[in-house]
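The structure under discussion appears below in the form of structure tokens.
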Amino acid sequence: MERNNLFFYYLNPTGIEEKIATIHHAAIENGFKVVEDAKHANIIVSIGGDGAFLQAARKTKYRQDCIYIGINRSGEASLYCDFYLDNVNEMMHTMQHEELEVRRFPIIKVNINDETSFFCLNELSVRSTIIKSIVMDVFIDEQHFETFRGDGLIVATPTGSTGYNKSTNGAVIDPRIPCFQVTELASINNNRYRTLGSSFILNKDRTLRLSVRQDGNDYPIIGLDNEAYSIKNIQDITVTLSDKVVKTVKLKNNSFWDRVKRTFL
């Protein structure tokens, strides 16, 4: 399938208007068509770093017929962006000469109360809204696993394992492994309450269900990647690994573990 319809997504163009105009011009010069509506695109380019990439994927509904490309605004390390605003010509060259590899990142599907579904490329987080522990019954394939008490839980994809999950001592997972990881936030463990006390990893065929015990008007904050939602009357949160993936491109000499090394070591 020939891909030449480009849609550019960016959160805040302030200060980079000239560079964005240069990218548009370079794309047209190299035979690409810049479209104003993402529905007509088969290549979606985000500008602004990992946060913009996550937003672009979500706002365009994780299109399965599109390739996603991330452009970072600065020289900072990034896990989703292979290119920078200052090397757009390199991006055009590599796209034309097939010096890119397509990679497929797994995403999780989050269903709330069997009604509303969301998708996450990085992670789902469930936390208390007040200075009080949250209580959740954790089920794996409808078998009760534990009753969690603490600040909350994170459910991360392999690529999301390098973010919030890692900062709470979760493991970094190779994105070629189709799975998702559950990590605790300040769990309570004593003679009365007990949780696993460590992260655990579920394979692609598992179903995780979190049954939230609400107390009066207390309801959790739900974090979906880099957006937070306060949703009242949450009873059950079900998480599975989606059949959808985010297809993005990488330079052939820039693996996931190269990025991890640059970012953290």
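Note: Cβ is positioned from N, Cα and C throughout, glycine not excepted.
TrEMBL lists D50, G51, N122, E123, R149, D151, T162, G163, Y164, N165, K166, S167 as NAD(+)-binding residues, and of the candidates A26, A27, A38, A186 the one it assigns to that same site is A186. Note: the CA-CA distance between A186 (NAD(+) binding site) and D50 (active site, proton acceptor) rounds to 26 Å. DSSP assigns N122 (NAD(+) binding site) to coil, not to a helix or a strand. In this structure, K166 (NAD(+) binding site) is part of a helix by DSSP.
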